Amino acid sequence: MAQEVVEGFKFEQRHGKERVRVARVWRTPQGRHFVVEWRVGITLFSDCVNSYLRDDNSDIVATDTMKNTVYAKAKECSDILSVEDFAILLAKHFVSFYKKVTGAIVNIVEKPWERVIVDGQPHQHGFTLGSEKHTTEAIVQKSGSLQLTSGIEGLSVLKTTQSGFENFIRNKYTALPDTRERILATEVTALWRYSYESLYNLPQKPLYFTDKYLEVKKVLADTFFGPPNRGVYSPSVQNTLYLMAKATLNRFPDIAYVHLKMPNLHFLPVNISSKDGPIVKFEDDVYLPTDEPHGSIEASLSRVWSKL
């Protein structure tokens, strides 16, 4: 955000529109439908200081205009496109269409509508709502510079063994025992930033970023679970998080930065006794699932050459 000196004070400003909801349907000649549902947020950086200092709104892009632009641009998209490409399209429009706008940030969350399978066949126009959400943020400057981030919200994963936690700091406040056998469950929030720094060197392949989103999600899940027949041991959420981020950077050379947040969602062993003896004796079988309170673990990993 640009900083100015106004009447002896440092002043920063921006304005935008949040929670603009839009759905778009595309129909192929063969009768197959495709649908997306997006929640769009827009932030503009512009020279409209006079609107704050005096009765002069002549330099403001109205937030209602921003909202209408979302629908107009969605209408113009005659071909299916990724949420990243739509975010870039919107941000590019604002910095090129308005002389006073120097930069734009567009955030979008995509609702996970997935094609339904009926009698073993993909339905032509039927969809069910999935779980994790696809997110993106495009930051575009009038110069054409770009910062593009994608992400996942709500990727819930769990494994019933091959997890432990041992040899941590102990003191008079510590009650947690060491273990090499526990359930590991988390809800992954992931962000990754692409290395593309200009509007003019983006991949031209249709739906490139949609495919990349699915591939990153697979790498994260595969690293968490390990091979299907034996899994992989996790000595801590921290170690598993690092391996997931590292696998992402190793697999995708055009990703420069990864941030993962992985709360430790606890499954507590159930032991219940009465004065007459055990009612439930825990044998790695009965648990109390709880997410309040929960551990909070997050970290970022980037390439050494990255500017991030």
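The backbone N, Cα and C atoms fix where each Cβ goes, and this holds for glycine too.
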According to Swiss-Prot, which candidate in Asn201, Asn264, Asn271 joins Thr63, Asp64, Phe165, Arg182, Val237, Gln238 at the urate site: Asn264
Minimum Cα separation from His266 (active site, charge relay system), reported as the residue among recorded positions Lys17, Arg182, Gln238 that achieves it: Arg182
DSSP-derived structure type at Arg182 (urate binding site), helix or strand or else coil: coil
From Lys17, Phe165, Gln238, the recorded positions whose CA lies within 10 Å of that of Thr63 (active site, charge relay system): Lys17
Pairwise Cα distance for Gln238 (urate binding site)/Lys17 (active site, charge relay system) [Å, integer]: 37
